[in-house]
Amino acid sequence: MKIAIAGTGYVGLVTAACLADKGHDVTCVDVNEEKIRLLNEGIVPIYEPGLDSLIQRNGVRLRFTTNDVEAYQRAEVIMIAVGTPPQPDGSVRLDDVWGALRRIAGAAERDCLVVIKSTVPVGTGDEAARFLAENGRPEVKFDVVSNPEFLSQGTAVRDTLQAPRIVLGVDSDRAERVMKELYAPFALPYVVTDRKSAEMIKYAANVFLALKISYINEIANVCELVGADIQAVAEGIGMDPRIGRRFLRAGVGYGGSCLPKDTKALYALAASHGYSLKTVWAAMDVNEKQKWKLFEKARAHLGVFSGRTAAVLGAAFKPGTDDVRESPALANIERLIAEGADVRVWDPAALGHVSRRFGDAVVCCETMEEAIRGADVCFIFTEWPAVLQFDLHRYKTLMNRPIVLDGRNCYDPKQADAAGLIYESIGRPVGHRQLKVDRAVDVLQCASAAFFHKQSE
């Protein structure tokens, strides 16, 4: 099948490569000439495991161009996979979606399906169908389909090839038939519904994941107060099939291009209809506060950051990607700089983004050792394999003060304590070494209180 895809971001490139791998003839369109030049030279401009090899393997069926008219003219299916960035009020900006629709309306010369993969407000597909009917060539029939993606960065190729379902929002038998023909080589189950329901499925799925993450983070915060272990709690509730284990890892909150944007967008959508999504608001509020957990712990240890050296391990919002959008790490780096800390950052994939964002205000390090050497505190924001496999004793020998604040619960607190670290994580009892300090403070406070009480008698 002859396919054109507008947009060469994570969704567009992964979708294109996977469709080409299944035998389709795919042309990717983007207005960014530099990105298209790199792709035509075999350089993939985003970090996504397995994507490079998939694109190289399907070079015969995969093309990249800035000439959208040529790509759209004879395409049987045109997919829109452009960005829909958030606006200050939480709603999303659809300029690129409507720009693509205008170009499609003017270029398409044969009946075709226009498939919206971008995450868009409920009702956008219906508006797109009306627009194309009114502005396209009279002899061309457009069928608009909502076909949301559910890929996760870092596992996007697998998530596309082995998706648990394919959601099709259609309004005609022809659209359903063509979409099933398109996806037939994937041999995956379908959910066939109307366009509005398909658009809502995307938001409802992502926001549910955000709710689950914020819930486990709140439970983790209570665990810290009462001395329980969030990992044991998560395991205990996750074994219940009604709940499931996924997205029950406590940490410093969610980031990326999807969950923060989609929670705000769904909240704004409901508000525009006079309804307040209180659970969604709570999830956003918890996530905003959660990203500062390590910063608060660091302040408790150091008091002030001016003149201190802070190592930051991980800048991407999750391992397996170079995406730093809405990353808790970047917010903390910005605050550390503002409070006078010398900041060193290590990340195996995202240092380019960090350098462009902060310039000379941070030191970008090629190795973990370089980042933590001489540091007064170490923040862990991303559970990269190199972090998980790092020898705990190296923190003790390399750091000026072995204060390790783990926002992803990478290490066993007992092992960290045995290695001589002052180690704190999320929702787990602090190490024995820290407990001894706390108990000493308690003893001093009790003794002081007793002394002043006696003096007042």
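Note: Cβ is positioned from N, Cα and C throughout, glycine not excepted.
The candidate list Lys141, Lys289, Lys297, Lys318 contains one residue that TrEMBL assigns to the substrate site with Lys202, Phe247, Leu248, Arg249, Ala250, Gly251, Gly255, namely Lys318. When TrEMBL records Asp30, Lys35, Thr84, Lys261, Arg325 as binding NAD(+), the matching candidate from Thr119, Thr124, Thr367, Thr382 it lists for that site is Thr119.
The distance from the Cα of Ala250 (substrate binding site) to the Cα of Cys258 (active site, nucleophile) comes to 19 Å. Counting only residues at least six positions away in the same chain, the Cβ atoms of Thr84, Val92, Pro148, Lys202, Tyr203, Asn206, Cys258, Lys261, Asp262, Ala265 sit under 8 Å from the Cβ of Thr119 (NAD(+) binding site). For Leu248 (substrate binding site), the nearest of the binding-site residues by C-alpha distance turns out to be Arg325; the candidates were Asp30, Lys35, Arg325. It is 20 Å from the Cα atom of Arg249 (substrate binding site) to that of Arg325 (NAD(+) binding site). Within 10 Å of the Cβ of Lys261 (NAD(+) binding site) there are 20 other Cβ atoms, across all protein chains.
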